[in-house]
Each structure stands twice: as C-alpha cells, then as structure tokens.
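**Student:** This is the structure, below, for whatever I ask next.
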Amino acid sequence: AACYSSDCRVKCVAMGFSSGKCINSKCKCYK
C-alpha cells in the first residue's frame with residue numbers, strides 16, 4: 001500500500017500527534 005504524506009499527517013493529528021510522515025511506505029507519527 002502506498003503511503004501519502006498528507007493522509008498520514010491527518011491520521012496522526014487525529015490520533016493526538018503533532019505530525020507524521022511516510023518512511024519506507026509506512027506512516028510514522030511524531031509527538
């Protein structure tokens with residue numbers, strides 16, 4: 001599955017993280 005930075009960021013923010021980005025096609029969230 002492809003990882004889209006915008007979708008990842010929205011998903012992470014919705015879970016209470018400050019941001020997120022794609023690394024090796026996986027969404028990683030940041031505090």
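Any Cβ shown, glycine's included, is placed from N, Cα and C.
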**Student:** So Cys29 is in a disulfide according to Swiss-Prot. Which of these is its partner: Cys8, Cys12, Cys22?
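**Tutor:** Out of the candidates Cys8, Cys12, Cys22, the one Swiss-Prot links to Cys29 is Cys12.
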**Student:** Please classify the secondary structure at Tyr30 (site 'Aromatic residue of the functional dyad') using three-state DSSP.
**Tutor:** strand
**Student:** Which chain-mates of Cys8 (disulfide bond) that are at least 6 residues away have a CB under 8 A from its CB, listed by sequence?
**Tutor:** Gly20, Lys21, Cys22, Cys27, Lys28, Cys29
**Student:** Which chain-mates of Arg9 (site 'Crucial for toxin binding') that are at least 6 residues away have a CB under 8 A from its CB, listed by sequence?
**Tutor:** Ser19, Gly20, Lys21
